[in-house]
Amino acid sequence: MITATNLSKVYGGTKVLNIDHLDIPTGESFGLVGNNGAGKTTFFSLLLDLIQPTTGNIFNNEITVSQSEDWKPFTASFIDESFLIGYLTPEEYFYFVGDLRGANKADIDAFLANFEDFFHGEIIGRRKYLRDLSKGNQKKVGIVAALIGNPKVVILDEPFANLDPTTQIRLKKIIKELTENRETTVLISSHDLIHVTEVCERIVVLDKGIPVKDIKTSEATLSELESYFSGEVGTAQAEEL
Amino acid sequence: MFKRFLWLEWKSFFRSASVGKSIGLKVLLIFLALYFSVAFLSLGIILYPWLQETFPDQDPLQMVNRFVLLWLVFELGFRFMLQTLPVLDIKPLLNLPIPRRKAVNFVLLKSMYSFFNFLPLFIIIPFGIFCIYKGDYGTWNILGWMVAMIATTQCVNFLNFIIKKKFTDNLKALIPAILLVVVLGALEYFEVFEISFWFGKMMDFLVLNPYLAIVPIILVIAFYKWNQLNLEGKFYLDAGLKEKQKDADTKDFVWTKKFGALAPFLQLDLKLIWRNKRPKTTIYMSLLLLCYGLFVYPSDMYEHMAIYVFVGIFMTGIFMINFGQFVPSWDASYYPMIMSQNITLKDYLSSKAMLISFSVIILAILSTPYIYFGWNILLINMVAALYNIGVNVPILLYSGSFNKKRIDLDKSPFMNYQGTGAAQWIVGLPLMFLPILIFWLLDYFIGFEAGLIGLSGLGILGLLLRSSLMKFIAGVYRKRKYAMINGFKQTGE
């Protein structure tokens, strides 16, 4: 579904992302982990054509994202609060996104009924603008809006951050259900190794923009990742000594 | 501490996303400032001899004093429209060990060095010197008068500061003050109670008793304190929210559904305008400036038709200029979403064009009562509206592709003054002068009708080419997309 070839991004002489080849097949739940500055958000921004690659290309369903806008109808994303429109109420925001994705008001209402649990009574019918919601509630709105209209590709950057534990557990369930029928490709990034190993069937570790590990998730994955990251700390300390 | 604040401002200016545009505008503003300085200085120098020659049996100083109040009212009006208040991004300062009062004092003291405060000096000082050398007043008397006038100018400065604040916070709070001015103006006009005469008398009295100059100085201090307390009360992050955590307004603008694919965007734009203070002010501005014609049409001063073209373009296009020049910055805070959602740039831009065109049509309809001043004026206004829609809308959208400065819609009132200043009007000048030039040339060489036909022809041509123009503009936006997204990410001034 998604292919990156020879992809790199350079900021002021520093290569912040450098991926020779990455192929994400249709229906995969794909996890991206790495420390701050590893290039996770850069990769997602490139995939959404929000920044320009220095070299190489990303193809989304064989469409070059930087050349055509045809990937937009089947791709949905939530990166940060700049994807929310502050002066709308959550309902209005959902209807607006629905309008863009060919879902009418009734469709959206039916769709939102599935998320009553997830919203925990704090989103719908509260007559508040999005800008007045807490960060966590804003995030819930953004994530759910990214699922409107059966997108083929869903991109979520750090979806677990800022959420309360109950919501994190519900979100994991939602993501698992999403990839059950193997039609939707889900890409998420996270700092939380436990969540990501639970939800994703494949995990790629980025370090300073380079994919250093590409793991098919199994029982052993979590400990493998933990030892990788603690090992990194260990070597860094050793270097300092 | 003040040095630190200045250092912060210096950095924010030169590291801002739109530093090129800002510098260009600054240069233009400096030229304008020079022009006005020279104009005021020459007025200040010739005022005394001229008054003496024209009214030989009157005392020039007393005559000037009679007009002081009128001048102050005008000055306040000009300042309200043109003077940008100094702002300070308070959020990063709140948790640092900086006393509130220091930050507030910085903002207020900085406003004292505004060019608008120096302009009157160019008249006051030369005129005062003339009075000392040629009049029969003592040096101390005139010095007292000069100090009083300078203090009054500062009073106007701080009064403007307070009013601008009240205007953005709460429109209704201003009504009593406006009523008072209107009533006093009417009383003056019908010669019932001539306040400017009594104000002049007071100034004359002050000249005789120069120690009274202390009164305006005390007034300045009082205004300063008022501002200080007002600003300190706003020195909180939630200052804007505190009073009105009221229910969200859920108007739906269902009627926009008629516009098919563009409907969601039109709805969004209407909500944008309706629910955010700053775009909402552009609406009030437009309605207010619709009265501009009342100042021009009855007067015999403007014989030439070309000035009416200016008025027409201005009145029907004022929303276009004020709103359009900040497209797409209005959407800055969620521009990445607009760019990655299922929206084509052409649809996005077409909806903006449609919204602005509507505003022109509505303002043109509202301006029809000016037919009272003659058919010509109605015709010119309609032609100007057509030209605005056909030519100026695409030009504005095109120039919008160079915008990369973010507009923060939900900024606290403490600093919500972005873009209400002289610079904003300068951007509108080419939009207004080009049609005037075209009309003037055609009118001069061929005739009035040719001028009208020329302008409306251009407007119609623009409408016919609209779809390919939009395609071209969308292409420009696509090229500038990454720079825009990056620029819009920058918060603060």
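Placement of Cβ uses the backbone N, Cα and C atoms for every residue, glycine included.
Quick look at what TrEMBL annotates:
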TRANSMEM  B:27-51  transmembrane segment
TRANSMEM  B:63-82  transmembrane segment
TRANSMEM  B:103-130  transmembrane segment
TRANSMEM  B:142-162  transmembrane segment
TRANSMEM  B:174-199  transmembrane segment
TRANSMEM  B:205-224  transmembrane segment
TRANSMEM  B:281-299  transmembrane segment
TRANSMEM  B:305-327  transmembrane segment
TRANSMEM  B:348-372  transmembrane segment
TRANSMEM  B:378-401  transmembrane segment
TRANSMEM  B:422-446  transmembrane segment
TRANSMEM  B:452-474  transmembrane segment
Worksheet, complete the sentence: Contact set of the transmembrane segment (B:205-224) with the rest of its chain, CB cutoff 8 A exclusive, min separation 6+ beyond the ends, reads 61, 65, 108, 137, 140-145, 147-148, 151-152, 154-155, 158-159, 162
Worksheet entry | Criterion met for the transmembrane segment (B:378-401) and the transmembrane segment (B:305-327) (at least three Cβ pairs under 8 Å) | yes
Discussion item. Contact between the transmembrane segment (B:27-51) and the transmembrane segment (B:103-130) is defined here as three or more C-beta pairs under 8 Å separated by at least 6 residues; is that satisfied?
Written reply: yes
Item to complete: Using a Cβ-Cβ cut-off of under 8 Å, list the residues of the same chain that are 6+ residues beyond the ends of the transmembrane segment (B:452-474) and lie near it.
Response: 309, 344-346, 349-350, 353, 379-380, 383-384, 386-391, 393-394, 397-398, 401, 435, 438-439, 442
Worksheet, complete the sentence: Ranking B:27-51, B:174-199, B:305-327, B:348-372 by Cβ pairs under 8 Å to the transmembrane segment (B:281-299) puts first B:305-327
Discussion item. So if I exclude everything within five residues of the ends of the transmembrane segment (B:305-327), which remaining residues of that chain have a CB under 8 angstroms from its CBs? That is, six or more out.
Written reply: 273, 279, 282-283, 285-286, 289-290, 292-293, 296-297, 352, 356, 359-360, 363-364, 367, 376-377, 380-381, 383-385, 387-388, 392-393, 396-397, 399-400, 403, 407, 419, 424, 427-428, 431-432, 435-436, 439-440, 443, 448, 451, 455
Worksheet entry | Cβ contacts under 8 Å made by the transmembrane segment (B:27-51) with residues that lie 6+ beyond its boundaries | 58, 60, 63-64, 115, 118-120, 122-127, 130-131, 134, 422-423, 426
Worksheet item: Can you say which of B:63-82, B:174-199, B:348-372 has the most Cβ pairs under 8 Å with the transmembrane segment (B:142-162)?
Response: B:63-82
Item to complete: Mind checking which residues of the chain, 6+ beyond the ends of the transmembrane segment (B:174-199), have their Cβ under 8 Å from one of its Cβ atoms?
Response: 65-70, 73, 163, 166-167
